[in-house]
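Marked as transmembrane segment by TrEMBL: 20-42, 62-83, 95-117, 129-150, 171-191, 211-235, 338-359, 371-389, 409-428, 484-503, 515-533, 545-566 (among others).
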Amino acid sequence: MADKEDPKKRGKGKGKSKDVCGYPLSIFFIVVNEFCERFSYYGMRAVLVLYFKYFLQWDEDLATSIYHTFVALCYLTPILGAIVADSWLGKFKTIVYLSIVYTIGQVAMAVSAVHDITDSNRDGTPDNMTFHVALSMVGLFLIALGTGGIKPCVAAFGGDQFSEHQDKQRRTFFSVFYLCINGGSLLSTIITPILRGQECGIYSQQKCYSLAFGVPAALMVVALVVFIVGSGMYYKAEPEGNIMLDVCKCIGFAINNRYRHRSNQYPRRQHWMDWAEEKYDKLLIAQIKMVLKVLFLYIPLPMFWTLFDQKGSRWTLQATTMNGYFGKLVIQPDQMQIFNPILILTLVPIMDSVIYPLIKKCGFNFTPLKRMTVGMFLAAMAFVCAALVQVEIDVSRKRYVFNNLCKQYYSFLAIFSFLMIRTKFSLLSGSQSCEYIKDFGFGGSYTFFIPSTFVFGPDCQDSITVVEDIEPNSVHMALQIPQYFFITAGEVMFSVTGLEFSYSQAPSNMKAVLQAGWLFTVAIGNFIVLIVAEIAKLPNKWAEYVLFASLLVLVCIIFSTMAYFYTYIDPSEIEDQFSKKVDEDEDDKDKREKAEIKMVRRDSAESYDDSYKQSNM
């Protein structure tokens, strides 16, 4: 190990990190922190919509609306986090303080899912649902504030740890950072549904949502502790002001100045942002023009996120009505989301190393905006697939029949609906007991008839009669795989390419502004889901899927038209032109000043000669 200090890290904010294999030791704490935080977030989010439906007992529309409200908040708060970090606290303190808020929110969610807290009659159902709803809403708000607030800080803080001579290591760090995000998402999506499927409780055994939320809460505690442990090794840059605020102030001044000079007596200007020239630098105005040009292209983008984020709500609810038996393996409805990170890790290298080069070899100019257009179309196709699956589910449901529900010749009647392979329950009478074990299918409903002549004994279960009222789900979850493939392929072509495009078209000091704009489109997309879910109220789910697919196809056409007229730019060249112009102006100024000095000297010399001649005379 060797100490390598970067000149920028001398003085205030300097850390004591050493290099290990060419990398600052401090980044290992940041990578572990990111993995645990992403596990915490995606693990909680994987089971959230089922928690709403089965624990809080909300209907599917309300569960979907609250789910997407939460996701939207998670993508609105990054703007707040960026402003706080850049203008006030700095990245390190912002991450620590908001991680504490984040952890409290996760703990609140875990506590809200403990049914025994208000289950005074011990029947397995909370008696005061208002308490659980209120606590879970507070928890979700704190989580949205925490995860969104640290989102723009963690990656940038990791990049700050590298010296100027470590460009290669910095690029590797960002690749590993992205893998940690997907790795945490993948593992948590597998594990938390399994935890949810367990039964727990003090007085009565119920689905263990508290454990499914508790483990992510514990991982968030680990993330916070690991990050703080590395505190002495970090380089902590001081806040230098927020460029987003400067951009907003400049735009506001231009609009206000244009309004005050709206009379025809004032000459028109080439661009409305030129009205800010009286107060702001021309380079800043030119940079804002470049940003606004890209932000205009962002207008249709929220519709993609409207469809994409429904894989955690509508598609998960769809999976609850399907058969999850994959041989001996049982996939829970919320575990189907694992196909997204698995396919991402598979498709990203395939697209970059095979598909795109092959398209280029064929002579097609597959520009970033064309890729994004194709990505939107693929997402629309994913919802067409979801609609076809829903039609198959609805057809199979019509075959379900209820049998023997009105028979009264037995003294006891019990109806159960199960999602597990095998269920065991016991009949108790004093010290006597009878255990009954039966395999159940996903979504099946069964009536158990216990005759009045029932006798406890080794063969007691033989006297229990079982009637299948509702057939188990006959539509297999494997039918959802095509829609996950299309939505993930669309994500790779739309999201990954969109971030690359935004970065390449952004001025050097405004990449964070476009990143905030990109995240804002995700928030708007989730709000659109709320509008459709609450206003459309379509009677059939397949019709809703078709509606979303149709809207995205329409938006895709609009976006392709906008992309056709877009001219790609090189921001660095434009910035260099302004810099060169400033240098030329300064050179001209220097020449003028030198000429004036020579003129003054010459005038002084001439006046001296005249005075000398006069004095001699």
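The backbone N, Cα and C atoms fix where each Cβ goes, and this holds for glycine too.
TrEMBL does not curate its annotations; it predicts them automatically.
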- What residues in the same chain, six or more past the boundaries of the transmembrane segment (484-503), come closer than 8 Å to it by Cβ-Cβ distance? 294, 301, 304, 307-308, 311, 336, 339-340, 343-344, 347-348, 351, 368-369, 371-372, 374-379, 381-382, 385, 511, 514-515, 517-518
- Message: Please tell me whether the transmembrane segment (95-117) and the transmembrane segment (545-566) touch - that is, whether there are at least 3 C-beta pairs under 8 Å between them, with each pair 6 or more apart in sequence.
- Response: no
- Message: Please identify the stretch among 211-235, 338-359, 515-533, 545-566 with the greatest number of Cβ pairs below 8 Å relative to the transmembrane segment (171-191).
- Response: 338-359
- Item | Distant-in-sequence neighbours of the transmembrane segment (62-83), which means Cβ under 8 A and at least six residues beyond its ends | 45, 48-49, 52-53, 56, 94, 98, 140-141, 143-145, 147-153, 242, 244-245, 309-310, 312-314, 317, 512, 516, 519-520, 522-524, 526-527, 529-530, 533-534
- Task: Report, as numbers and ranges, which residues of the same chain sit near the transmembrane segment (338-359): CB under 8 Å and 6 or more residues beyond its ends.
- Result: 179, 182-183, 185-186, 189-190, 311, 366, 480-481, 484-485, 487-489, 491-493, 496
